[in-house]
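A.B. asks: In case it helps, TrEMBL gives these features for our protein:
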{"type": "DOMAIN", "residues": "7-188", "note": "domain 'Formyl transferase N-terminal'"}
{"type": "BINDING", "residues": "GLY17, THR18, ASN19", "note": "N(1)-(5-phospho-beta-D-ribosyl)glycinamide binding site"}
{"type": "BINDING", "residues": "ARG63, ASN110", "note": "(6R)-10-formyltetrahydrofolate binding site"}
{"type": "ACT_SITE", "residues": "HIS112", "note": "active site, proton donor"}
{"type": "SITE", "residues": "ASP153", "note": "site 'Raises pKa of active site His'"}
Amino acid sequence: MSEINKKRIAVLVSGSGTNLQSIIDNVENGNLNCEITYVIADRECYSLQRAEKHRIKNLLLDRKIIDNKLANEIIDSTLKESKTDYIVLAGYLSILTEKFIKEWDRKVINIHPSLLPKFGGKGMYGIKVHEAVIKAGEKESGCTVHFVTNEIDAGEIITNVKVPVLEDDTPETLQKRVLEQEHKLLIKGIKKIL
Ligand code: GRF
C-alpha cells in the first residue's frame, strides 16, 4: 500500500500502555500500514513516556484539571486537525461523550480483557474483570476488540480470542495470559477496520 493510502490512527490511553507499545512496534516494523498521529492520555501515565520515546505527538488532558466534556471537545478538534482516520482506545478509562461518539461513528475501537458480552460494562476494567471471571468459575476467558458506542463495551464485535482459565489461576495470572493475547488481537482488529 502506498503512503497515500496510509491510514492515520490516534491512541487514547490511561495506563502503562503495553497495548500502545504493540501498536507502535507493529507500525515501526511495517506490519501495520498506518501512522500514529497522536497519543492522548486522560492522566499522567507511562504511555506518555512510550510516545515520547518514539517521537509520537502526545497530549495530556488531565481529568483532575479538565472536565470530560471539554476534554472530548479538545480530542475531537485535535484529531480532526491532524486528519486522524481512526481512534483506538487502549486502556482508556474515561467515557467518551455521546456527541463525540456520534461524530466518530464506527471510527473508534476499544480492546476489552474478556469475552464480551460477558464481563463488560460499567466498572468492569483492569483486574476487576479477571476477578469476576474467576469468581464466576468460568473455564475460559479471552479478549475482544469492538466498536465503541454509547453503551459501554456493547458495540459490534470486530474480533475476539479465547484464553483458557486454569485451575490455579489468580486474577493476576489470568490477566497476564489475557494481556499477551490482547497485544496480538488489537493489531488484528486494527487491520480489520483499516
Ligand atoms: C488492557 O487490559 C485493556 O484490555 C484494558 O486496559 C488494559 C490496558 O493495558 N482496556 P495496557 O495499558 O495496554 O498495558
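In case you wondered, yes, glycine gets a Cβ from its N, Cα and C as well.
Unlike curated records, TrEMBL annotations are generated automatically.
Help me understand the surroundings of these features in the structure.
C.D. replies: Long-range Cβ proximity for ASN19 (N(1)-(5-phospho-beta-D-ribosyl)glycinamide binding site), meaning a same-chain Cβ under 8 A and a gap of 6 or more residues, is found for ALA90, GLY91, ILE111, GLU182, HIS183, LEU186.
Packing around ARG63 ((6R)-10-formyltetrahydrofolate binding site) is summarised by its Cβ count: 15 other Cβ atoms lie within 10 angstroms of its Cβ, all protein chains included. DSSP assigns ARG63 ((6R)-10-formyltetrahydrofolate binding site) to coil in the three-state reduction, outside any helix or strand.
Here the Cβ of HIS112 (active site, proton donor) has 26 other Cβ atoms within 10 Å, regardless of which shown protein chain they belong to. In the three-state DSSP scheme, HIS112 (active site, proton donor) is classed as strand.
According to its DSSP assignment, ASP153 (site 'Raises pKa of active site His') is coil. Cβ neighbour count for ASP153 (site 'Raises pKa of active site His'): 21 (other Cβ atoms within 10 Å of its Cβ, all protein chains included).
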A.B. asks: With a radius of 8 angstroms around the mean position of the C-beta atoms of GLY17, THR18, ASN19, what other residues of the same chain does the N(1)-(5-phospho-beta-D-ribosyl)glycinamide site pick up?
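C.D. replies: Output for this site, in sequence order: VAL13, GLY15, SER16, LEU20, GLN21, SER22, SER47, ARG50, ALA90, GLY91, HIS183.
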A.B. asks: Using a Cβ cut-off of under 6 Å to any atom of ligand 1, determine which of the binding-site residues THR18, ASN19, ARG63 qualify.
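C.D. replies: Only THR18, ASN19 qualify.
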A.B. asks: Do me a favour and check the Cα-Cα span between ASP153 (site 'Raises pKa of active site His') and GLY17 (N(1)-(5-phospho-beta-D-ribosyl)glycinamide binding site); whole Å is fine.
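C.D. replies: Cα-Cα, rounded: 19 Å.
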A.B. asks: State which of the following binding-site residues has the fewest other Cβ atoms within 10 Å around its Cβ: THR18, ASN110.
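C.D. replies: Fewest other Cβ atoms within 10 Å, among the binding-site residues THR18, ASN110, is found for THR18.
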